[in-house]
Amino acid sequence: MRAIAAWFFIFCYLVPSVFAQLRHGFYEGTCPPAESIVGRVVFNHWDRNRTVTAALLRMQFHDCVVKGCDASLLIDPTTERPSEKSVGRNAGVRGFEIIDEAKKELELVCPKTVSCADIVTIATRDSIALAGGPKFKVRTGRRDGLRSNPSDVKLLGPTVSVATSIKAFKSIGFNVSTMVALIGGGHTVGVAHCSLFQDRIKDPKMDSKLRAKLKKSCRGPNDPSVFMDQNTPFRVDNEIYRQMIQQRAILRIDDNLIRDGSTRSIVSDFAYNNKLFKESFAEAMQKMGEIGVLTGDSGEIRTNCRAFNN
C-alpha cells in the first residue's frame, strides 16, 4: 500500500471548474435518501477502520486533479484498455469498495440516478466529519466521465517546491491560503512510505528525536510507512501545522511550507487557530470538489463505478 493520504502528489495540469447545474440537494426530488445511504456506508467502514478518511481524501484528490471530478479514477483497467488506475502513483489509492457498496445500494433504491462522482464527493465529506474535521455541505449533480487514460495523469512528487505548488493551484483560481489548507489538511491523516521522505531523514534541520525515530522505523523491509501526523494521525485537525513549526514535518513539501516566506504566516495562523483551519479546509474541499465537473447531459450515470456503461 502506497501513501494513504498522498496529497503531496501536487498536480501539473488542471481544467477549469464548471459550476452550472451543481446545487445543494440535487437528489431531493429523484433520490431523497441518496446522501444518507452514502453516509451510512461510510460510517460502517470508518467504524471498523479509521484509515478510511485518509483513503477517501486521497481518492477524491487524485480523481479531481486529473481532468476534473468525474470518477475517472474508479475505472478498472483491462488488458485492452489501461486506465488511470494503471499509473504507479495511483496504485496505492484504496477505498473503492466503499464506493462500490454505496453505489450498489443506491442502484437498488434509485437506479441510474446518483453518479459515482457525487458518491466520492459525499463519502469524502462525511469521512472528514467522522474524523473530527469540519462539517460542510457539498453541491451535487456531477456526471461520470467517459474517459480514463493513463496519459492524463500528471502528478509531481512530495519534494515539489512551494513556488511550483502555488503556480499549479493558481491556474484554477486557488489562492495560497487555500493551497496550504488542502496540503496540510490532506496530510493530517494517513501515512507516507519511507521511500518518499529519504531526503528528510538526512536533513539536519529536522527535529533530532523524530529523525532518529524515522531512521529506526525505515530499517524494515518492504518500504515501511509512518504517520504523517505523529500526534493525532486519525483526526482531521490543525496538529500537522504545529508539527511543521516544530520542524517535525515528515514530507519535504510540508517542511517547505513553513520555511517559505509566502506560506509561513498561513501555516502559523492554522497552527494556532483550529477553527480557522477547519473553516479554510471546508472551503477548500468544496472548491476542489467542483474542479472540471460534468453536468447536464455531459458524461453519464454509471451503473457500475468501475466500468463505463458501454
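Placement of Cβ uses the backbone N, Cα and C atoms for every residue, glycine included.
Here the candidates are Cys31, Cys64, Cys69, and Swiss-Prot names Cys31 as the disulfide partner of Cys110. With Asp229, Thr232, Asp237 listed by Swiss-Prot as binding Ca(2+) 2, the candidate from Thr188, Thr263 annotated for that site turns out to be Thr188. If you measure from the Cα atom of Ser72 (Ca(2+) 1 binding site) to that of Cys64 (disulfide bond), you get 9 Å. Ranked by how many other Cβ atoms sit within 10 Å of their Cβ, the disulfide-bonded residues Cys116, Cys218 place Cys218 at the bottom. Of all the disulfide-bonded residues in the record (Cys116, Cys218, Cys305), the one with the smallest CA separation from Cys69 (disulfide bond) is Cys116.
Geometry remark: Asp63 (Ca(2+) 1 binding site) versus Cys31 (disulfide bond), CA distance 24 Å.
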